[in-house]
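J.: In case it helps, TrEMBL gives these features for our protein:
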DOMAIN    A:40-155  domain 'TRNA-binding'
DOMAIN    A:409-484  domain 'B5'
BINDING   A:462, A:468, A:471, A:472  Mg(2+) binding site
DOMAIN    A:710-802  domain 'FDX-ACB'
Ligand SMILES: [Zn+2]
């Protein structure tokens, strides 16, 4: 909302308060002032000129040589390129030495050999937004009224001797969508009075009701409808002051009748509509809901198809306006209009809101109706418009108002005690100061048994409960006055849950292991949403996605994580190690909500070790990442419980993928990207993992108990085997473990060889076994005996034991 | 014999002095002090001397042997030291070459900010509460005093899944859910998490972002308690010198509602580009919990009151670290994330 201070001072005295100071006060007490626009800033030496002569420039088709009276003895010669310049006009002249917005300086100049002493200005050149410039002057110079005096300062005429405050309103303060509302607010802040606009006007003897009948078929949606009739109006341009105020408020002037309805809309926050009585044609206004499939052409020339819950103003036969949203083209006021019907009505906020949303039509009117206009000023606003039409358009107001009124205009009564206010704030504001604030707000109240019984003015639709009064008192008393204390309450332990603690250690572990934390988007394309998913479930798709790319919730973290890897490798970061902890969304969970399962995923590509001047660079491989996952299991106390087996997943290398199992259930996957996937993503060898973190974190682990440090020495024995390539290390380990007896403490693979020196199809694998008895020193004989059992068992399974 | 002894001593001392290394010095030791050496011979020849001369000669021989031995040992030590020094010299390296890099990653800057905020409030006795990112309209709006058709719903255009289910637009539904769980008991929580709004991604908007909200409910919770809590938070997060100020604002779930500004940490309040010349920076929104919200959460507003606050970790990170584009947080460029490793202060 743009507030012209010149306009505001019609209703409240702001004398002696600098605009910046006023803006600060308004901001600190409740309504944020976004900008303070001094409209005269940078403007200088701009006067009214009278174009005495206007002749085509001999050297240039599009230029005119004008002789302009600027209030001095001699007229000035000014070259003007505007198509609408003509002799006899009063125009805005920037004289030599003048300043225009953007630091433009006007100097004497020669244009195609002719001297020009200044410039005739368009409104845009004076800093007006093209959107508010009247259409007639949109692509040319502005023409002032004939009574403007040459040499007079043009800034005042154009309303540029003004400062405009731009308010950023929160949705509750719809009262400030009007000059009057802002006047009440300003008056409360400055402790001054409010002066209301003049609504008195003469009326003809003839009653309006003789010319117009009114029927309201939907009183819930339209509880109040007031119509005034003004006849013999002369449609034309509005006076300069009115146009200037509308433009300052951001409204484009059109003609005096429409301008007056807009002016009152801005003044009262009450939207009005003006119908051409003759075009209405029936002498009747009937308000009803639309019929199925009914169509109206609105003022903007668009055909709109309506639904049965849309409220219409009709002439009894056909729609003439969508109630509270936009007028129809068929009944619009035009240059030849002589009789006007002014509509001042109250439409149900929810109904207007729904209609304007559904039709995609948001107007100054609908934004005000949908927040609720002041029930007690609807009729008054209509009177104000009639008074202005009589005054500015020469109209004759017929007597009385054609009225339907079933609107509840009772103020909301709020009862609140000063103690409640002070307790809620943690303050000790004296009773008298609260009274003073209520007076400044012009909230009528009575003090009954130590309580305030307040009738909240109907302009303040946001006031309805005691807490609202707490806020009103506090904001005007000043939030700076509130002391700083801490809650006094039973002491609560606080802290992280076990799950949250474990999740933090997972992050720290993965970072310690060399991975950087990524955060990617949860929304992806439907097509990609299930790629790499550990468990697929119905997808969760948005009703109205902004793009297909962000239409569906992910079921795996990997697609976006891999996108981030590619993003990095495409920018000269060849080694990338990223992880993410985040939720995946599995449709058909409880309550219709998808199950959200927290996962951890990682993706690593490029060199893993080395990279310094010492060399030793080694690219990441499957075992690097498996080591990270095993380390994570150790971190979470799941070392023994997490097992691995050959796995498979689309997009992963079929020979280099492992399922991660917890109690036999798949809880994760580790693998190298499939070569075709790597190619598609423009990546070198990339190893990924994804784990159902939630499952891992919720797994109960044994309490951490100390195992005594062995007092007796252990004995190590190595076994080197030659086996077919397909035999897995895990199988051999199982055999070893099964035959070793309980002295075996540890099995470690320390060498695997599959190279040229081996026979085709065979590999060698060497284990180091550690034997220990915590109670005594083992003898060589017992270890040898166990070792022989193992060797025998392995040989039985086809392994050759090498010595 | 005495003379012979004197000469022998001089010879030995000269041989020691001229030995160039440990090996030749060991040769000198064997030659003069060995079992077949001249001094041993002299001792063996003592028997031939008259009995009265023996003690004197014996002492003399021992003295010479002692002197030679001592000299030999000191020379030996010197030579060994030299050898070590030569070896060490040969082993010296260029210490200015870079060390072997330690490969570690680090937190995403948002996690860094969120954990810092969590830890502050945990120290004040808060729990960390979490909730689903896909929410029911009821928890996201209705339970927060935003019934269907409420004009404030415009403030946050949402991603709906069905008519009643949407991606949460703020972390406030966790507040509503927590009230149901706590069943009328007092509590203090903060709720961090991802939220979603229907925005086109640009330098200042992101359809996905994070929030942290706090909620305290108990008997006699006052607005001054909110101010005191926020004041401590601002000082902890942005420096002890920070001042805060509250400005009236509007949120449907609080009444009164405020916005909190902190004095600019860059210019200290004199005005700069960070604070847009105002000296103040808007950090968060807050307020006293609306009685309707308490009521819907199963708390009696006549008995209980509370305060709530909410902020955007992205905004805080952008202000704190001078980040100019919100999209950096979701691009995961290592040249960006890698900058948030070190400790501060
Ligand atoms: Zn600053």
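Each Cβ is built from the backbone N, Cα and C atoms, and glycine gets one as well.
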J.: What is the three-state DSSP composition of the domain 'B5' (A:409-484), stated as helix, strand and coil residue counts?
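T.: Helix, strand and coil residues of the domain 'B5' (A:409-484) number 33 helix, 15 strand, 28 coil.
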J.: Taking all residues of the domain 'TRNA-binding' (A:40-155) together, what is their mean pLDDT?
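T.: Across the domain 'TRNA-binding' (A:40-155), the average pLDDT comes out at 90.
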J.: Would you count the other CB atoms within 10 A of the CB of residue A:468 (Mg(2+) binding site), including those on all shown protein chains?
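T.: Taking all protein chains shown, residue A:468 (Mg(2+) binding site) has 20 Cβ neighbours within 10 Å.
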J.: Among the binding-site residues A:462, A:471, A:472, whose Cβ has the fewest other Cβ atoms within 10 Å?
T.: A:462
